[in-house]
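Q: If you look up Swiss-Prot, you'll see Asp60, Asp442, Asp497 marked as Mn(2+) 2 binding site, on the strength of similarity to another entry. Among the features that Swiss-Prot reports, Mn(2+) 1 binding site is placed at Asp60, Gly61. Summarising the annotation, Swiss-Prot assigns compositional bias 'Acidic residues' to 123-139, 259-313. According to Swiss-Prot, the feature domain 'PPM-type phosphatase' maps to 26-506. The N-myristoyl glycine annotation in Swiss-Prot covers Gly2. According to Swiss-Prot, the omega-N-methylarginine annotation covers Arg22. Annotation comment: Swiss-Prot describes Thr122 as phosphothreonine. The phosphoserine annotation in Swiss-Prot covers Ser183, Ser528 and is backed by similarity to another entry. The N6-acetyllysine annotation in Swiss-Prot covers Lys384 and is backed by similarity to another entry. The region 'Disordered' feature in Swiss-Prot is assigned to 117-139, 161-329, 513-547.
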Amino acid sequence: MGAYLSQPNTVKCSGDGVGAPRLPLSYGFSAMQGWRVSMEDAHNCIPELDSETAMFSVYDGHGGEEVALYCAKYLPDIIKDQKAYKEGKLQKALEDAFLAIDAKLTTEEVIKELAQIAGRPTEDEDEKEKVADEDDVDNEEAALLHEEATMTIEELLTRYGQNCHKGPPHSKSGAGTGEEPRSQGLNGEAGPEDSTREAPSQENGPTAKAYTGFSSNSERGTEAGQVGEPGIPTGEAGPSCSSASDKLPRVAKSKFFEDSEDESDEAEEEEEDSEECSEEEDGYSSEEAENEEDEDDTEEAEEDDEEEEEEEMMVPGMEGKEEPGSDSGTTAVVALIRGKQLIVANAGDSRCVVSEAGKALDMSYDHKPEDEVELARIKNAGGKVTMDGRVNGGLNLSRAIGDHFYKRNKNLPPEEQMISALPDIKVLTLTDDHEFMVIACDGIWNVMSSQEVVDFIQSKISQRDENGELRLLSSIVEELLDQCLAPDTSGDGTGCDNMTCIIICFKPRNTAELQPESGKRKLEEVLSTEGAEENGNSDKKKKAKRD
């Protein structure tokens, strides 16, 4: 998936917290950019979504961080706003909320907000830049016209490659000065092959800081887990596109040479006519011409077939227009805890795992295009899965929020598109055998299995520090991230991804640094803080995660 840093960014944004009185749980999280040139993960740690419910989630963005950050900001409220949630039907509420936020990504208002998060210029900004560029070209042409209007004939001839001290060059028509070079002009008229060209911009500005999610309890380290506070620096990746200001000058023709150029063109046409006559005299038959036409028709048909196949295999961005939410998206795994019920919704390949008497119990299913159910839906929607497991040669996920480039079949509902935002739901009744659960992105699960992660945490969760206190859960997560980090980028990409992980213990822990309930920030407060921070941090970089 794109470029890596020369050295991994191992700065971690970590935090710990406790639950509400009715949910005496504890949690710790950490997030690390790693080898990636930007951080595209986000998360939620909300121990009190309402007085009876806690919410924990991880979002793994691809094609940019904007959709993941948008989900972390708005999905909690969208879940609560669902009619099913108010009726206590949490499974239905999660399904409806996933589809609702996915649909919002196609609205003009949300697209503009996503563009701001991603640091991409809006259409208005593009139009202003285009007008400014055209004004610059007009000013350059006016200056050139003024300069050439004051020049002598000898100076003009010298500028355009003519020598006024020699006789006129011979042409086949017996007159004229030949064709002038097309590098510049006298009167500002553009040549047929030389309109101003602009290098296409990928709009990848310099990498900016990214926060990793929203939490509403005590945190430490960089405190980037709190809503809206900038997370770890993502490292300077530098600009990834050519400057749009480096333009070729518009080529203009000189009126002074128009007559000679017309005469030269006539001479060339006469020469072409004579060549055609000589070819016929040399025995070039009409039958041979027909054979060549048949061959041309066959080649054109083959080219048409290739173009159709390429169109089917197009990936976001190939159409020349990039739009957040269309060429970017995110996985989402959301866990709600209410009383003794654990409800987990998942779309994508982030994962939730519960430790049940030391055994890993998967509470989510990784959605991959090559899976039988997913493959059938993709084909029914008109898509293909390549040998390397990519939908139409692009995305290697089969469910995600966003990615509306793959959701354009108007004959099918949202849940039946090539890429669907409809989550799978699993429900578990918690017992004393269930000690903790882990929610993490595939940066963890691509390196370690569910059981390996459970074993790793199990071996450290009872450890105590020098003061006799149990280790903070976030410190265990930090150690897990370091364990998963690859030593270099020479391999297949394993251990080189962004990493975000949350550990939630279903029972309270005796740790000195955890703050009491009174120290907790309300969700509304952190959301308002996020809005203020985001307005001052618009220089973000688009990073492709299609791997």
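Glycine residues also receive a Cβ, built from the backbone N, Cα and C atoms like all the rest.
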Q: Would you identify the secondary structure of Asp442 (Mn(2+) 2 binding site) according to DSSP, in three states?
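A: DSSP call for Asp442 (Mn(2+) 2 binding site): helix.
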Q: Neighbours of the Mn(2+) 2 site Asp60, Asp442, Asp497: Cβ within 8 Å of the Cβ centroid, same chain, sequence order.
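A: Leaving out the recorded residues gives Asp41, Thr331, Asp349, Ser350, Cys441, Gly443, Ile444, Trp445, Asn446, Asn498, Met499.
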Q: If you draw a 10 Å sphere on the Cβ of Gly61 (Mn(2+) 1 binding site), how many other Cβ atoms land inside?
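A: The answer is 30.
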Q: Taking only the recorded positions Arg22, Gly61, Lys384, which one has a CA atom nearest to the CA atom of Asp497 (Mn(2+) 2 binding site)?
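A: Answer for the nearest of the recorded positions: Gly61.
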Q: Taking the Cβ of Asp60 (Mn(2+) 2 binding site) as centre, how many other Cβ atoms lie within 10 Å?
A: 28
Q: Please identify, from the modified residues Arg22, Lys384, the residue with the sparsest Cβ neighbourhood, meaning fewest other Cβ atoms within 10 angstroms.
A: Arg22
Q: Pop the mean pLDDT for the domain 'PPM-type phosphatase' (26-506) in here, whole number is fine.
A: 77
Q: Considering Cα atoms only, can you say which of Arg22, Lys384, Asp442 is the nearest neighbour of Gly61 (Mn(2+) 1 binding site) among these recorded positions?
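A: That would be Asp442, nearest by Cα distance.
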Q: Using DSSP with the three-state reduction, classify Asp60 (Mn(2+) 2 binding site) as helix, strand or coil.
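A: Once the DSSP labels are grouped into three classes, Asp60 (Mn(2+) 2 binding site) ends up as strand.
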Q: Tell me which of the binding-site residues Asp442, Asp497 sits in the most Cβ-dense spot, judged by other Cβ atoms within 10 Å.
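A: Its Cβ has the most other Cβ atoms within 10 Å: Asp497.
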Q: Using Cα coordinates, what distance in whole Å links Asp60 (Mn(2+) 2 binding site) and Lys384 (N6-acetyllysine)?
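A: Answer for this pair: 24 Å between alpha carbons.
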Q: State the Cα to Cα distance, in Å, between the residue listed as 'omega-N-methylarginine' and Asp442 (Mn(2+) 2 binding site), rounded to an integer.
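A: Here the two Cα atoms lie 32 Å apart.
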Q: Between Asp442 (Mn(2+) 2 binding site) and Lys384 (N6-acetyllysine), what is the CA-CA distance rounded to a whole number of Å?
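A: If we compare the Cα positions of Asp442 (Mn(2+) 2 binding site) and Lys384 (N6-acetyllysine), the gap is 23 Å.
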Q: Can you see whether DSSP assigns Arg22 (omega-N-methylarginine) to helix, strand or coil?
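A: DSSP call for Arg22 (omega-N-methylarginine): coil, neither helix nor strand.
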